[in-house]
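Q: OK, Swiss-Prot features for this one:
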BINDING   Asp21, Phe22, Asn23, Arg36, His59, Phe60, Gly61, Arg62, Arg118, Arg151  substrate binding site
BINDING   Lys201, Glu323, Gly349, Gly350, Asp351, Ser352  ATP binding site
Amino acid sequence: MNKKSIRDVELAGKRVFCRVDFNVPMQDGVITDDTRIRAAVPTIRFMMEAGAKVILASHFGRPKGQVVEEMRLTPVAAHLSSLLGKDVRKLEDCQGADVEAAVERMESGDVILLENVRFHAGEEKNDPELAKSFAALADLFVNDAFGTAHRAHASTAGIAEYIPAVAGLLMEKEIRFMGGALSNPERPFTAIVGGAKVKDKIAVIENLLTKVDHLIIGGGMANTFLKAQGYGIGASLCEDDKLDLARTLMEQAKERGVQLLMPVDVVVADRFAADAEKQVVAIDAIPEGWMALDIGPKTVEQYHSVIVDSKTVVWNGPMGVFEMDAFAGGTIGVAKAMAACSGTTIIGGGDSVAAVEKAGVAEQMTHISTGGGASLEFMEGKELPGVAVLADNQ
């Protein structure tokens, strides 16, 4: 997947409509985690230094097509100004005469932030009129919001019908690592899939089984696979309606020569609580009434040896109830194995990101994806609308 990026186009003097993902956690008007804003800075700087007029657009929260005062992007503009060391003017809307006039007055290297695009109902409906009004502001569309690339909205896909579209640096990195791992991985290629439910990851597992050498399963979903193999799982979470599917997936792995790794031991608890009584047991010895809440130390050891010997590893989803320290050992163990792997290590969004941060090894990962749902759909092999509209590199 080879898409044009801002490195491949002339930016000097050009008006650039850049879609970013500034949907950051905020409490009482204070940003509590600015990761997404910081992630967009290299792209913004690159365009500023190249002499572009940078028009930033983002959604924030779910205002459902209404103006919601608490969902204005004013705190984001202030924070971005301090990160860039340059004043970023925040406009009161994202379309209309005032916006057009403000863009008209821009000089090369200027940056403005449009108001929350989801204040307009047309954004999520991919309304052509709204998309046209965005396109009218600029000469070029840059998509740097991988986190919303799975949505065909006016500011992520619709706008590209009317002006040329290329990737920002963050989007370029996502396509390079996520796309590269899935289309042309260095082998052995290992995927680690965790999380509570099989149903959330069916399409991911099905797609990965056509690509990987090893597939590691953990988290609550492992219980369903264990029960499908005939193990008693006590009071553990299980999707009884997915037992046949689990058997089918295991059969597919066998047919394709994929090594499927399951827990050999688990940490069980007498109830679902941080202070529950817990013990480590083999998977054929889960006591009646107890529940598996994490993978055990022998399992971590086995997973570790496969991970460190891999040339490409993609991870999505925790190995246990890692929000509770008592059941975080398996997830932390896998995070440390990823850090010890000298190959390409990719964290496919969601809870796994929090896990590598908790383990203190985030810096050692090759790539941490910024997309939750987008990463998941990418791993499912779906074409993402926000990526599909970008110009191909010939």
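Note that Cβ sites are derived from N, Cα and C of the backbone, with glycine treated the same way.
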Q: Cβ-Cβ under 8 Å from Asp21 (substrate binding site), same chain, 6 or more residues apart: which ones?
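A: In sequence order, the residues whose Cβ lies under 8 Å from that of Asp21 (substrate binding site) (at least 6 apart) are Arg36, Ala39, Ala40, Ser58, His59, Asp144, Ala145, Phe146, Gly147, Thr148, Thr370.
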Q: Restricting the comparison to the binding-site residues Lys201, Glu323, Gly350, Asp351, Ser352, which residue's C-alpha is spatially nearest the C-alpha of Arg118 (substrate binding site)?
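A: The smallest Cα gap between Arg118 (substrate binding site) and any of the binding-site residues is with Gly350.
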Q: Hey, how far is Gly350 (ATP binding site) from Asn23 (substrate binding site), Cα to Cα, in Å?
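A: About 15 Å separate the Cα atoms of these two residues.
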Q: What same-chain residues, at least 6 away in sequence, bring their CB to under 8 Å of the CB of Asn23 (substrate binding site)?
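A: Listed in sequence order: Arg36, Ser58, His59, Phe60, Gly61, Gly147, Thr148.
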Q: What is the one among the binding-site residues Gly61, Gly350 whose Cβ has the most other Cβ atoms less than or equal to 10 Å away?
A: Gly350
Q: Max Cα-Cα distance in Å among Asp21, Phe22, Asn23, Arg36, His59, Phe60, Gly61, Arg62, Arg118, Arg151, the residues listed as binding substrate?
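A: With Asp21, Phe22, Asn23, Arg36, His59, Phe60, Gly61, Arg62, Arg118, Arg151 as the binding residues for substrate, the largest Cα distance is 18 Å.
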Q: Among all chains shown, work out which of the binding-site residues Glu323, Asp351 has the most CB atoms within 10 A of its CB.
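A: When each Cβ's neighbours within 10 Å are tallied, Asp351 tops the list.
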Q: Using DSSP and collapsing to three states, where does Gly350 (ATP binding site) fall: helix, strand or coil?
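A: Assignment for Gly350 (ATP binding site) reads coil.
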Q: Can you tell which of Arg118, Lys201 has the least company, meaning the fewest other C-beta atoms within 10 angstroms of its C-beta, among these binding-site residues?
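A: Counting other Cβ atoms within 10 Å of each of the binding-site residues Arg118, Lys201 gives the minimum at Lys201.
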